[in-house]
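The block underneath contains the structure these notes are about, expressed in structure tokens.
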Amino acid sequence: MDYEIENNHADSIRRGSIEVICGSMFSGKTEELLRRLRRAKIARQTVEIFKPTIDIRYDETDVVSHDKNAIASAPVDNSANILLLSSQVDVVGIDEAQFFDEGLVEVAQQLADQGVRVVIAGLDMDFRRQPFGPMPGLCAIADSVTKVHAVCVECGRLASYSFRRVQGDQQVMLGELNEYSPLCRTCYRKCSSPPQTEEIHSTI
């Protein structure tokens, strides 16, 4: 009986891909990114990790999750630098992708076309529930999109939205639970509605 021996190395050609992990704040996006990158390192693949220089909430260089799990990364000012620093790697990880410029979409495409596995995590919506930065374009070109959810702090259901609890109209405002809360659709609408004031009718 003849047996066909599987070639674990598959082709000699590397197969690139783009994986996007998206969701609201406190949904575990960075945790999932770190999990995938650690598995790649265990498999002895070369990994480079990038984050925007603006993200200094926990550490100036490391990618750090809300649970304080961390992995060393290279902070970069713009997406073009990712291409320059990603030569001869198997996997590229990118955290807080929403803070990058729109050029990140083309950067991810080029890396994947070169045979690199690109794993990206970021907020898909801002606090107004509007598409955030390059995330819509990244989701469009991705080979796989994983939408993760937080838990609504008001009712306990799955949360998809990041509700800002402090004043400010600017789209980018770094913060934690004191500034943002994950909410479901119903609770987001309730918290976004102006408080109802009881109308008082005076009688003469």
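Including glycine, each Cβ sits where the backbone N, Cα and C put it.
Secondary structure from DSSP puts Asp95 (ATP binding site) in coil. The number of other CB atoms found within 10 A of the CB of Asp95 (ATP binding site), across every protein chain shown, is 26. The feature ATP binding site is assigned by Swiss-Prot to Gly23, Ser24, Met25, Phe26, Ser27, Gly28, Lys29, Thr30, Asp95, Glu96, Ala97, Gln98.
Of all Cβ atoms in the shown protein chains, 22 besides its own fall within 10 Å of the Cβ of Glu96 (active site, proton acceptor). Feature annotation from Swiss-Prot assigns active site, proton acceptor to Glu96.
As annotated by Swiss-Prot, Zn(2+) binding site applies to Cys152, Cys155, Cys184, Cys187, with the evidence given as sequence analysis. Taking a C-beta cut-off of under 8 angstroms and a sequence separation of 6 or more, Cys155 (Zn(2+) binding site) has the following same-chain neighbours: Cys184, Thr186, Cys187.
Close to Lys29 (ATP binding site) in the fold, though at least 6 residues off in sequence, lie Ile21, Cys22, Gly23, Asp95, Ala121, Gly122, Leu123, Val148, each with a CB less than 8 Å from its CB. A simple way to gauge crowding: the CB of Ser27 (ATP binding site) has 25 other CB atoms within 10 angstroms, across all the protein chains here. A Cα-Cα distance of 13 Å separates Glu96 (active site, proton acceptor) from Ser27 (ATP binding site). Counting every protein chain shown, the Cβ of Cys152 (Zn(2+) binding site) has 22 other Cβ atoms within 10 Å.
The Cβ of Met25 (ATP binding site) lies under 8 Å from the Cβ of Leu123, Ala150, Ser162, Tyr180, Pro182, each on the same chain and at least six residues away in sequence.
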